[in-house]
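S.K.: From Swiss-Prot, here are the annotated features:
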type	residues	note
ACT_SITE	S131	active site, phosphoserine intermediate
BINDING	S131, D272, D274, D276	Mg(2+) binding site
MOD_RES	S131	phosphoserine
Amino acid sequence: MVQNRAIFCFLSTIKSEETMTSESQPQVTQTRKFFGTDGIRGMANIHPMTPDLVLKLGRAAGHVFRVGDKRHTVIIGKDTRLSGYMFESALLAGLTSMGIHCLQVGPLPTPAIAFLTRALRADAGIMISASHNPFHDNGIKFFGPNGMKLPDELELEIERVLLSDEDLPMPTPHHLGRAHRIDDALGRYIEFAKTSFPKDLRLDGLRVVVDCAHGAAYKVAPAVLWELGAEVVTLGNHPNGTNINDGVGSLYPQEMVKRVQEVRADVGIAFDGDADRVVICDERGEILDGDVILAMSALEMKRKGVLRGDGVVATVMSNLGLERALAAEGLTLARTKVGDRYVLEHMLAHGFNLGGEQSGHLIFLDHNTTGDGLISALSVLALMTTQAQPLSKLANVMQRVPQVLQNVTIARGSDPMDDSRVVAAIAEAEAQLGTRGRILVRKSGTEPKVRVMVEGDDTAHITALASGVCEAIKRASNGFGEG
């Protein structure tokens, strides 16, 4: 199991949630100006994602990271967005001006940055990416020396320094940082990913369609699959700076499904722009989301005697069918608020080694410290190879309860959640569902949207309930439409 090392000397532990409901967990994000649930994110060249602010962010982070007389090192990676070059340069200027050495690794998946931060004994890792968002967005996310996302307290300290008017102590010219490019970073991650696959197995005879979303996995994912023996059919592996997530990848799996059916592949794999999440389809083209992958993986890990915590950690968004599938095998489902960082915190605090989100952020803690789309895909391929069964049959371990998810775009900074019309609509939906379903309404931590999720046995009924709540949110948000 990957060990949880100390992060910085002034931060002793990562605080874990005491309970598993989104309402009762620490609401640290309410006091934030820039950091959301997954770092800082926004449209490139528009506040806050401007080069001047990112330069200041680099200086603030460098000030916080610089503890004692030790020379500190930070890994910097990015996905394939055009604006990545601009933000990489801004971060380099800010960090090196504070005496921080920077190691640039180029376009690589987010989980590769987590791995390299540990492997190269760096003090921190930084990924420049907006994940599944369109190319015009970008973001900055931080990792500690243990390869885990920074705890809330440390992000808040960086933000405090960023917003303050204090004159930061600057190093003398002899003590400025240096920037160096690591040329073999891709090869290092390829070998690391392969170590998660059983040494006595190969993928010979398996035809795999892989959609890289024109993103960070465009080189590494096909290479890993090919080296393990698979026949690889690639999609979305020609990034041009503006086509990342553009009709391809985990948010748009239709092309993957179509290609699987055309070439009669055994499985389809689709990553998002930074490859920290994955969506898979079986040989018939049926989509398997993160909940199904968690169910399959949990049962296989239990069979092998390697599942810890007697269950799985997921979020309040996970389908009730996952909970039922696990319960049938004597396993529990622990739920956290939305965000893979909170899933990981609960896993660490309570001894679990498997967790994730319905969206495809899956954490196999024995292999990596963050959601890793490639390692998640390899775990499914290993299961297919071990069981010698088609994926459609393996996926039958879980029966989904009908679930509807709708999004409403709102004005940035607005909060319609306390509006009486919204409160009344939610109460009415809860009354109609009773004990036969559930409703969850929450603001996104990464986009100006409110997400409405309704579960129940009747698809038409829950769709109508979700639409009613969305209409109330639209009215409370002065006419902003559906997203």
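Backbone N, Cα and C define each Cβ position, glycine as well.
Values in this document were obtained by computation on a predicted structure and should not be read as measured data.
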S.K.: Where's the emptiest Cβ shell within 10 Å among the recorded positions S131, D272, D274, D276?
M.R.: S131
S.K.: Can you list, in sequence order, the residues of the same chain other than S131, D272, D274, D276 whose CB lies within 8 Å of the CB centroid of the Mg(2+) site?
M.R.: D79, P109, T110, S129, H132, G215, A216, F271, G273, A275, R277, G371, G373
S.K.: What's the CA-CA gap between D274 (Mg(2+) binding site) and the residue listed as 'active site, phosphoserine intermediate' in angstrom, rounded?
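M.R.: Taking the Cα atoms only, D274 (Mg(2+) binding site) lies 5 Å from the residue listed as 'active site, phosphoserine intermediate'.
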S.K.: Just the number: how many Å between the Cα atoms of the residue listed as 'active site, phosphoserine intermediate' and D272 (Mg(2+) binding site)?
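M.R.: Rounded to the nearest whole number, the Cα-Cα distance is 6 Å.
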